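S.K.: Before we start, here is the structure in question, set down as structure tokens.
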């Protein structure tokens, strides 16, 4: 893995690919994932590029594979994983693969079409059989037909008129029979009555079982109906109404003999159709099983082939159209691998003239490549979310690995909560190879991707929880308190000592609401707690006052150290980019401004802690007053922290005042002087011009020494401000904005770090309230039923702890930690104006199809 401190050194390379070997060379490059292609045909439409026909062929193959996957999934056939990453298919096998897939598609569509046709015929025959069975007794029955709706007039006692009677009336009696869905029966009957004006008689009955609709495949409830009518015009109306309501009409036999013959024929045909349908389904499943063996590999191969042609469309042809020219960004350490990939592709294609590459100088800014692993990837993503780092500048992710979980833990510090978070993250880490976790839903996937961040956040929270001595809002007495309560009783001291000190007696114990421990009394304070805060503070009424003072000062100290470290990292950027004047004219004034004010504030805090004990604490001056007096220069003499304090503060204020104009005007004036002189600091040595060679002939004229020199100076050329681009007004305005932003930002950013204190206080108080409202109530029950009450109380306490204190409070602390890194820390040195290096790599392809077919 490359360095995480700074991005990889990149170079621009020109590839010369023979037409017959270009496909194989790009296939080898895609497997290695070493280079990022530049589009040399930006002014050419995607429909006018050289290999658009091949891309269309790949899209057609993708369409066929999508159809195959859909049919295999519909048949509930498992898709075997097969080879994880098969190579791109050779060109000589592409046409064969296309013919096989097209032939398989035609066969599947034909078999599927025949199967659906057989299935539809079978369902129609089954419906016809049910219709004959139900309507068999309609003409033999003589029951009273009761209308469903009041607007229907009552019928005669006989539901159907006698056929002989109709013959005597001279009318022609007709029948229409079929099936209709249950939900359409009432509307269907109403429409028949209104349209036919009562010249129809409808008889219907519900089927005992649900049948599948041949059109939709939905299993629904059906009704069998028989419509008797007289007159040809009425018959036409009835048939049209049946079509409107999507009724399934079947011929109605006129005689019992005809009914019996139809029934026998239907039974025979149904048995034959069952046999043919089963054989068709077996054959279709065999074809799909055979296709499923290679469909996953085919998907990957087609995606790789399409990606290769996308990259070939970015290349340009030379004047002879026999050679493709490509420009790629490649890390310098991967140049040998790039050459080997070209040799491998040329060897596989059997070309007599191998493909080759040359590095070319450029003034363009290369993309940023920072190699990560599964541990550092999450922290790098946090930095990249703010902005991808500029080329070769210091990468904050290296330090974020420690500072981010630590600042989170300062706000979240609780031993119990941190340990629960650590266990959850440890569970994700130990099961990181589980396929269900890596393919889970979005929220769980987000936790899984940040498992190492959660692990360190939980681990650091355990550490800060031990310092705060907080475990679910309660203190843990591991080493014994450093305070001795018994030493405060008067009985433990001599009468002479009792006259000099305020001690406790029985009356004091009975009548005082609060008792104060005096560390000046011998034996009361035996020394500091070995690690963290003494557990006796958990019982003190002034506990919150003490913790607020401690956490506020700690937040200021951590914030100033964090920001100063960011300014120091900026020095590494200036030295790397050969801009030493920025060190003296920008970084040094910034450090002086920061340390002379806020560094001195840290000094006063630590000095007061060390110089004043419990005996002299009443004489200790206020740091706030002393810090304000530092800028007011009071005439009256005050008792300072140390001798000579006023002189030291005057010197620090003078340095601060002098640093501001240097920061404001130093860099613009120096660049103006440099622009007018042109002979200072080696400008004559750097005044060369980097020219890109646009053809193979020009590249061949370059000597190896020139190419090496161009590569080594590419970084300087990318950032060099030429004489033609110099604009003093713009530089002055930019530096003025930077100076004002920095000076005001030092104050606002220092105040912003007080969120460490605020969120730590909020988390501790919320945890304390949750304990007091739930666990304290459950633990105070002394009856026999106390255990039974404690179980639901503990369960409710655990649920609220997880969702409120771990999830909600953890998310809040997480966002505030991100803010402190993005704004307060990274703006001191991090530009974040680069572009990410996205290599042409087959590992970035997915085996699943999506609407976006381009290579990410």
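First residue shown is number 1, and so on along the chain.
Here the Cβ of each residue, glycine as well, is placed from N, Cα and C on the backbone.
Quick paste of what Swiss-Prot says about this protein:
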{"type": "TOPO_DOM", "residues": "1-393", "note": "topological domain 'Cytoplasmic'"}
{"type": "TRANSMEM", "residues": "394-412", "note": "transmembrane segment"}
{"type": "TRANSMEM", "residues": "415-431", "note": "transmembrane segment"}
{"type": "TOPO_DOM", "residues": "432-445", "note": "topological domain 'Cytoplasmic'"}
{"type": "TRANSMEM", "residues": "446-475", "note": "transmembrane segment"}
{"type": "TOPO_DOM", "residues": "476-549", "note": "topological domain 'Vacuolar'"}
{"type": "TRANSMEM", "residues": "550-569", "note": "transmembrane segment"}
{"type": "TOPO_DOM", "residues": "570-587", "note": "topological domain 'Cytoplasmic'"}
{"type": "TRANSMEM", "residues": "588-608", "note": "transmembrane segment"}
{"type": "TOPO_DOM", "residues": "609-651", "note": "topological domain 'Vacuolar'"}
{"type": "TRANSMEM", "residues": "652-671", "note": "transmembrane segment"}
{"type": "TOPO_DOM", "residues": "672-739", "note": "topological domain 'Cytoplasmic'"}
{"type": "MOD_RES", "residues": "695", "note": "phosphoserine"}
{"type": "MOD_RES", "residues": "700", "note": "phosphoserine"}
{"type": "TRANSMEM", "residues": "740-764", "note": "transmembrane segment"}
{"type": "TOPO_DOM", "residues": "765-785", "note": "topological domain 'Vacuolar'"}
{"type": "TRANSMEM", "residues": "786-824", "note": "transmembrane segment"}
{"type": "TOPO_DOM", "residues": "825-856", "note": "topological domain 'Cytoplasmic'"}
S.K.: The topological domain 'Cytoplasmic' (672-739): mean pLDDT?
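M.R.: Mean pLDDT across the topological domain 'Cytoplasmic' (672-739) comes out at 56.
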S.K.: Please list, for the topological domain 'Vacuolar' (765-785), how many residues fall into helix, strand and coil according to DSSP.
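M.R.: Each residue of the topological domain 'Vacuolar' (765-785) counted once, the result is 15 helix, 0 strand, 6 coil.
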S.K.: Given a Cβ distance threshold of under 8 angstroms, which distant residues of the chain, six or more beyond its ends, lie next to the transmembrane segment (446-475)?
M.R.: 374-375, 377-379, 381-382, 401, 404-406, 408-410, 412-426, 428-429, 432, 437-438, 440, 529, 531-535, 537-538, 547, 760, 764, 767-768, 770-771, 801, 810, 814
S.K.: Quick test of the contact rule: Cβ under 8 Å, at least six residues beyond the ends. What residues does that give for the transmembrane segment (415-431)?
M.R.: 409, 437, 447-448, 451-452, 454-455, 457-466, 470-472, 476, 767, 801-802, 805-806, 810
S.K.: Can you break down the topological domain 'Cytoplasmic' (570-587) into helix, strand and coil residue counts using DSSP?
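M.R.: Counting residues per DSSP class in the topological domain 'Cytoplasmic' (570-587), I get 15 helix, 0 strand, 3 coil.
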S.K.: Looking only at the topological domain 'Vacuolar' (609-651), how are its residues distributed among DSSP helix, strand and coil?
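M.R.: Its residues fall into 23 helix, 0 strand, 20 coil.
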S.K.: Would you kindly list the residues that approach the topological domain 'Vacuolar' (609-651) from elsewhere in its chain, counting only those six or more residues past its ends and only Cβ-Cβ distances under 8 Å?
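M.R.: Same-chain contacts beyond the flanks: 519-520, 525, 600-601.
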S.K.: In the same chain, who gets a Cβ under 8 Å from the topological domain 'Vacuolar' (765-785) while lying at least 6 residues past its ends?
M.R.: 414, 417, 470, 472-474, 793-794, 796-797, 800-801, 804-805, 809
S.K.: With DSSP helix as H/G/I and strand as E/B, how many residues of the topological domain 'Vacuolar' (476-549) fall in helix, strand and coil?
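M.R.: Result for the topological domain 'Vacuolar' (476-549), in helix, strand, coil order: 29 helix, 4 strand, 41 coil.
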